[in-house]
Amino acid sequence: MEAHQFLKAPGITTAVEQAALATANSALANAVVVRPFLSHQQIEILINLMQPRQLVFRPEVFWNQPIQRVIHNELELYCRARSGRCLEIGAHPRSINDNPNVVHRCFLRPVGRDVQRWYTAPTRGPAANCRRSALRGLPAADRTYCFDGFSGCSCPAETGIALYSLHDMSPSDVAEAMFRHGMTRLYAALHLPPEVLLPPGTYRTASYLLIHDGRRVVVTYEGDTSAGYNHDVSNLRSWIRTTKVTGDHPLVIERVRAIGCHFVLLLTAAPEPSPMPYVPYPRSTEVYVRSIFGPGGTPSLFPTSCSTKSTFHAVPAHIWDRLMLFGATLDDQAFCCSRLMTYLRGISYKVTVGTLVANEGRNASEDALTAVITAAYLTICHQRYLRTQAISKGIRRLEREHDQKFITRLYSWLFEKSGRDYIPGRQLEFYAQCRRWLSAGFHLDPRVLVFDESAPCHCRTVIRKALSKFCCFMKWLGQECTCFLQPAEGVVGDQGHDNESYEGSDVDPAESAISDISGSYVVPGTALQPLYQALDLPDEIVARACRLTATVKVSQVDGRIDCETLLGNKTFRTSFVDGAVLETNGPERHNLSFDASQSTMAAGPFSLTYAASAAGLEVRYVGAGLDHRAIFAPGVSPRSNPGEVTAFCSALYRFNREAQRHSLTGNLWFHPEGLIGLFAPFSPGHVWESAKPFCGESTLYTRTWSEVDAVSSPTRPDLGFMSEPPIPSRAATPTLAAPLPPLAPDPSPPSSAPALDEPASAATSGVPAITHQTARHRRLLFTYPDGSKVFAGSLFESTCTWLVNASNVDHCPGGGLCHAFYQRYPASFDAACFVMRDGAAAYTLTPRPIIHRVAPDYRLEHNPKRLEAAYRETCSRLGTAAYPLLGTGIYQVPIGPSFDAWERNHRPGDELYLPELAARWFEANRPTRPTLTITEDAARTANLAIELDSATDVGRACAGCRVTPGVVQYQFTAGVPGSGKSRSITRADVDVVVVPTRELRNAWRRRGFAAFTPHTAARVTDGRRVVIDEAPSLPPHLLLLHMQRAATVHLLGDPNQIPAIDFEHPGLVPAIRPDLAPTSWWHVTHRCPADVCELIRGAYPMIQTTSRVLRSLFWGEPAVGQKLVFTQAAKPANPGSVTVHDSQGATYTYTTIIATADARGLIQSSRAHAIVALTRHTEKWVIIDAPGLLREVGISDAIVNNFFLAGGEIGHQRPSVIPRGNPDANVDTLAAFPPSCQISAFHQLAEELGHRPAPVAAVLPPCPELEQGLLYLPQELTTCDSVVTFELTDIVHCRMAAPSQRKAVVSTLVGRYGRRTKLYNASHSDVRDSLARFIPAIGPVQVTTCELYELVEAMVEKGQDGSAVLELDLCNRDVSRITFFQKDCNKFTTGETIAHGKVGQGISAWSKTFCALFGPWFRAIEKAILALLPQGVFYGDAFDDTVFSAAVAAAKASMVFENDFSEFDSTQNNFSLGLECAIMEECGMPQGLIRLYHLIRSAWILQAPKESLLGFWKKHSGEPGTLLWNTVWNMAVITHCYDFRDLQVAAFKGDDSIVLCSEYRQSPGAAVLIAGCGLKLKVDFRPMRLYAGVVVAPGLGALPDVVRFAGRLTEKNWGPGPERADELRIAVSDFLRKLTNVAQMCVDVVSRVYGVSPGLVHNLIGMLQAVADGKAHFTESVKPVLDLTNSILCRVE
């Protein structure tokens, strides 16, 4: 603002003037200083661009590009102020010495204009080295800069800045480069003019001149004396449009500062980018008007298209707006082109009155003026026409309305009362226009442009995702998949009860008998040769293993198996427990799934079962196409040759390392005892016994994968500089982690003990002698709040980025741990490969990130400062590090000082590995309990809350109490509801118990404790041992008071339950609520029944129960036990009730929850209230839900009752969701297909298929005769004569069947479900035996709450609730009603679209009650079938598309057998229904349900809106289990009727089926089944065929059917609202995503299948690209309906 008048004022007279002066002073104090000399026009430009910032002009320098440089400096200050220590990309040479806060700079080798900049760079300071390297082509002198570019550099940095240096990189390239640097934030300044969105041309604005040639854009600002900016157009467009990057390197891009078209973009690495639409140019001062005349060109026989040669003219927005307002409001008589030109000439002159600008004016060329007049005149003509038409139509409508009589007005009034919401103007017809029409306008306004596009990164995620899903793919093939298993946690503490009203049973629960296999067994390698071949081991290793024999001593105790393997002169130990981690040679992690009761083990694709037999131990190995049995005899084997054993171990180690270097995902790391052992190939807890233990040597032949170990890793980590100070002290409150039981025997002597002996080495193997030490699986001892961990074990088991070596002064190979590093990484000791030194620490990346650091020698001098520095100097890095205790070996540093030094000088996430001696010291000196820091602000707020409390009667005991800042130590035992937290407290451990309610106080006092409520306890907790029960629910100020006053404090509670509530709403409770970290978690509940545990498993994933009650939730029964309500208002209406909040911590045998209407918001918003209400009872919970609040969240009494009535059980099943991935652009052949014209593509499709525009919209075929059943008709069959559609083209490529009207419904009912059913009475055994080729005997199926949850989830996703599910009463028609609907979609065809004479298609819907009754069973049966399918057989859509495509591609020599079922639903009869019931009986479904299903299917009534049909048998394509039983019947018919040779792939989905084989023939029993059931099979056998919307091409894969997809789009109605157009765009985008990498292959294959030209498919893909871009054109058509129906003949049976 202009402030001179206030600055010169002699005095301040009013408050307004005082405020204005303060505003002016503030604006001037924060003004931008402009130093260059500027012209008057440049000053105006800068003032307009920099608004609302105040500018102060102090000219003192001459700049070549003053406007850009001022903007650049302003944005640079913003970026550098927020980035801190950062990495800079493409820094200007002049800025190097001025910014010491940059840790690294990325440059490119200078070319062209950059050479001049380097010549003028400073010759002193840090810039001198950069200048010398740039101009002489020398390598970088230090790590502060490089000339590899941003994409080629890998220097780690968390934050970066790029000032006008990313114009030649796309957002995807920047995302990958940021990931390579480990960068989380990047501030990028970019120049993004809006003209790059326009066609090529020359654009002149008030600020700059822009020349756009289609590929590059050159921008020159006003007054520039040097060359302008030259950027790539495609990259600029990407930066303008993109707001996020998806893929393996996701980013969100936010525009945080803008000056004109100069933007600062903040790129942030985020795991799940969310939509971030933005308007880039809301303050644009130009509107771009299109000229209908293009620029002059060269003569040509064929004129070029206007779209590529048209030009735009930049017109000031105020000129265009005023011109539009003037022309639109002119009188009809006065409106003419000359008057518009006169007005435009007038407003184009600049007019000033004194210092006031009355008219800004404009200087324009003749071409621009002509374009503006033309565009304005035509646009105003269009608007005036619309105005005239609207008024004319409105007047005619008003005349009709005023002429209406009383009866008509009364009818309209009644109709409006009962009709929809009133929308003004709906009675008028709307004017429809398209984007490319003349009436759509001639101008583009940047102010209204909105962008929110995502750019996929160029990573190879397709291969990575496919490999990562290999384990689950093996499960689909019928193998065991245990990738979801995690190690089981033990229960910590006593298992008591927290309420004396509940007592456990005196009868011990029964346990299943576990067979004991303890003993000694002989394991010859020859017995496992098939397993070695399945593991794909080299022949050398297989031959060596077959020559060896081992003795395995097995000890089985408490679900754990310990094996001692004697192989030659070596002894190995392994420990098999459930959840044990298996070592791998890749990034994949495998956990062992071990069930001692079932005698099974599994991990990855391998599994085994074992059993004791008379001959010994019988083990069955399954996996990777292997099914092998081996029997191991008891006894002791002769000792194998030690030389052979050593050679086998060495060869096996070399194979593991070779596989590690070339593995993307990896497999198991094979140990000797894992291959020559009972339970091959598993070897968890690998121990190689030796006599000289030191940290790490014991794993010389063991390798736990770390991504940075792989030489071929594309993202090898780099070192960086510490961006934050080290962790200050031990006061960083660690969190105590419950230690796992040790997996190794008693520790060996400490590392300082002398070596006893060396194992013998084989002279024949040529392998040097290597000392083998005891290797133990690492054991977690402690976890700190910052994520750091302390382990007992070998640091070589760590997955950290860096490993720290306890080196010597010269960093040469030595003894102890340094020797182990040299054995593993000899190249890491090469001083020439050290990339950085920090003090005495040396950093290397060869062959993996390692830090060599030497501790002080305490044998000579005790030097604590050097010991601190030894750890501190290892923190100049990015990523985590694994440490040993430095100096505690040879240099004799005590364990305590070394541990304290590490604790004070490490980074979050680091790991410390202790040998057994140090581990025992650590356990004896474990860090203290976690601490809570009370800050001054928290203490002040708590004291304010205490003062408010002390003024009340309840809180008067708190008077005078205060909370002071400080640190409080505490112990916090958290657990699931009913886990016995309070029962674990004994009277000897505590002096005072603080509880939140009187009920809990009385319960504690009955147990003999001194219990008090929070306010009263303020008098007695000082200096006492205090236990605080339900600590999270205590008011936080009282909780802090008691924790600070107590001598020791032990907190009990559940963080997931109701916290302290701020009833008075002063805002103090949430402000001081402490963040308490549980020191232990208890997961076993002794209160909650099984069904309650299932409901709350989302909040407590590891919950288990000892309760024997399976079902405790009941609806509609009388109230029993304690009544619970949600709100205080409901208590008076329910005497004796308590609120859910008050009942927290209590236990009742029976409870009744009463949900009132006022609790709706509380139930939907507070998860904690629901958890507390659910977990108060032990036996029974009665729900009284009159308002239906629980039904609103998807659960009702009918659903639960019917589920248990149908035989459902509490339990777990695998989910039915199939993981699917979106293909990323690894080849991206789709990018070669530009968008094409929609009209030409559909016309070419019509020419190729021979289709022509149809004169009718639909055909009502003649209604066939009703052959069976009874049809109910309405008195009138109303029809419509015409249909209005919004279509993509007037040529339809689908069968034009009947629309949804009465005659069409009748024709469909009669034609599809009124045909006579041919019954076939025969045994199902033959067909079931044939079906066993694909679906073996299923066995009993368990229906669990998992299927019930999936059913409810599907209902909620469809917008349904539980109100439609009724109690199972067959007398109620609503329970058994089957509703019929007419389908609108028609089938794509290459033949005749009209003269087919086929009736329409219908879909039925069973009642929600039957769906809820049978749905869980059908889901469970479907899961059982999927688990039994052989390899190569695909069911429905329960597979990933890439897996199916890979299977088809692998069957290169096969032909495609295709069967087309005609009238598939209509031909199903009593035989197909009997087969379904037989399979249900085979699965263990209750007989009552089977008979009910048979009854519903054998005789039914289809209820249409006005018609109904009583019929028999058939199949309805909408009932529960439609896909399941249709697919099973399809499988049964195909397997029984045809025999296939060399079957490779078979796929079945409903009535569609294909089989890839070399030859087929009809089986002998086929004719009987076909004739008996009246089947209509049409078989085809060709090289390529169609299946379920894809083209099946053996050897190539399953490719999307472009022709069929495009043809089906022509039949649908895409209007009248914009929602349908959005659905079209989304559907087409999803389809194009499947074409990303196979577009060119689709062109060749699809054209061959349909016999069309490849150019058609190419054109169709381009058309789909245009539709996905939102450029679809719709045509409104009104076509008649051809009615060919005749009289319906009914025959009553």
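Glycine residues also receive a Cβ, built from the backbone N, Cα and C atoms like all the rest.
Database features (Swiss-Prot):
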type: BINDING; residues: HIS671, GLU673, HIS686; note: Zn(2+) binding site
type: COMPBIAS; residues: 753-763; note: compositional bias 'Low complexity'
type: DOMAIN; residues: 775-921; note: domain 'Macro'
type: DOMAIN; residues: 1454-1565; note: domain 'RdRp catalytic'
type: REGION; residues: 60-240; note: region 'Methyltransferase'
type: REGION; residues: 241-439; note: region 'Y-domain'
type: REGION; residues: 442-509; note: region 'Putative protease'
type: REGION; residues: 510-691; note: region 'Zinc-binding'
type: REGION; residues: 712-778; note: region 'Hinge'
type: REGION; residues: 716-769; note: region 'Disordered'
type: REGION; residues: 785-942; note: region 'X-domain'
type: REGION; residues: 960-1204; note: region 'NTPase/helicase'
type: REGION; residues: 1207-1693; note: region 'RNA-directed RNA polymerase'
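There are 28 other Cβ atoms within 10 Å of the Cβ belonging to GLU673 (Zn(2+) binding site).
When pLDDT values are averaged over the region 'RNA-directed RNA polymerase' (1207-1693), the model yields 83. Here the binding-site residues are HIS671, HIS686, and the one with the most other Cβ atoms within 10 Å of its Cβ is HIS671.
Secondary structure at GLU673 (Zn(2+) binding site), taken from DSSP and collapsed to helix, strand or coil, is helix. Here the domain 'Macro' (775-921) is broken down by DSSP into helix, strand and coil counts: 43 helix, 34 strand, 70 coil. According to its DSSP assignment, HIS686 (Zn(2+) binding site) is coil.
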